[in-house]
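Worksheet for the structure shown next.
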Ligand code: SAH
Ligand code: SF4
């Protein structure tokens, strides 16, 4: 059954103001309404005591604040929380909350499935079903923030979620039209009030939309690199065939002119015997150094231990290998971190946000027919 009412979670403040105007209301009413929704987590117009009764009645007739149905919620021993949300037609997406001493990060999904089809990613293996709407992207944050506040008994006016990373299921820059209004609500002082440094879009490298994001709303950017050259990146991140490394690095450099931080974060998933050799680490230094295709690219590296899943046919690099790889980057002058795996007991780690997706692209079938090979010779034992 579809709900014919307008979902107010689909609107940034500008769109909500226009909506209020269409209802014959003054635009500033939208600010009150917006604050009720995003800052106080209200769902019911009757709660909104400072709005005129006539407006509340009008809204109740044509609009809703529509959360996503929660299929499951898992809380890990380390405080990580993972939600599985129903997005209809047999599709589900996941969000993960990661508490740390000085912050609370929510990892948000942007699509049901993903069309990029990276070899090491279980979302990619599921194929693509559809884009999430702005309201569905924001419903993840809305639910996480307000359910956690209630559970943790957070004092009024305090936020639980201080950072958002668009690192759940999907390629956010292939859902640009829905992403940007959602980001605006995250940044809006009347919404979640997060600074541009605390909202990160992670991309596999959709170059034209990196350029648009730079103009429209330059939040922090993470780029999933995973390989130092096109020959290795092509099979791992198939989008590389369209936007090869030289173009990607030039776009990173261009992005930095407007970015809220003065570096790009490169994510690098460590795959045993595939992209984790000393020679690849040295090649990365050359790639982002002054003699690389785009000249020096100020960056940090975040090495992600691969989270294995059977269909990938790939293995996680040993921690000694990850350390040796990191050492080469660090000695080459690049700040490098190794991502901690959190929420292991509830499968909340990167690339395991599998959800359940109706595969409309038959990605799984294609990938099974062409099993993944170790692309580079494995290091001598
Ligand atoms: N589509 C975007 C954002 C979602 S993926 C992107 O690719 O950047 C978020 C991060 O998780 C990416 O860096 C991705 O490469 C990484 N990732 C995907 N599958 C993984 C796996 N099985 N193990 C470790 N990291 C993985
Ligand atoms: Fe899509 Fe990102 Fe997974 Fe690649 S890593 S398939 S871009 S979600």
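Here, residue 1 is simply the first one shown, and the rest follow in order.
Quick reminder: no glycine exception, Cβ is built from N, Cα and C everywhere.
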TrEMBL annotation, S-adenosyl-L-methionine site containing 170, 171, 224, 225, 226, 307 - matching residue among 147, 202, 318, 319 | 202
Would you mind sorting out which recorded positions among 94, 121, 225 put a C-beta under 6 angstroms from ligand 1?
-> 121
According to DSSP, which kind of secondary structure is residue 307 (S-adenosyl-L-methionine binding site) found in, if we only use helix, strand and coil?
-> coil
With the Cβ under 6 Å from ligand 2 as the test, give me the qualifying entries from the binding-site residues 118, 202, 307.
-> 118
Pairwise C-alpha maximum, in angstrom, for the residues (170, 171, 202, 224, 225, 226, 307) that bind S-adenosyl-L-methionine according to the record = 18
Could you round the CA separation between residue 307 (S-adenosyl-L-methionine binding site) and residue 121 ([4Fe-4S] cluster binding site) to a whole angstrom and send it over?
-> 9
Tell me the Cβ neighbour count for residue 170 (S-adenosyl-L-methionine binding site), meaning other Cβ atoms within 10 Å of its Cβ, over all protein chains shown.
-> 31
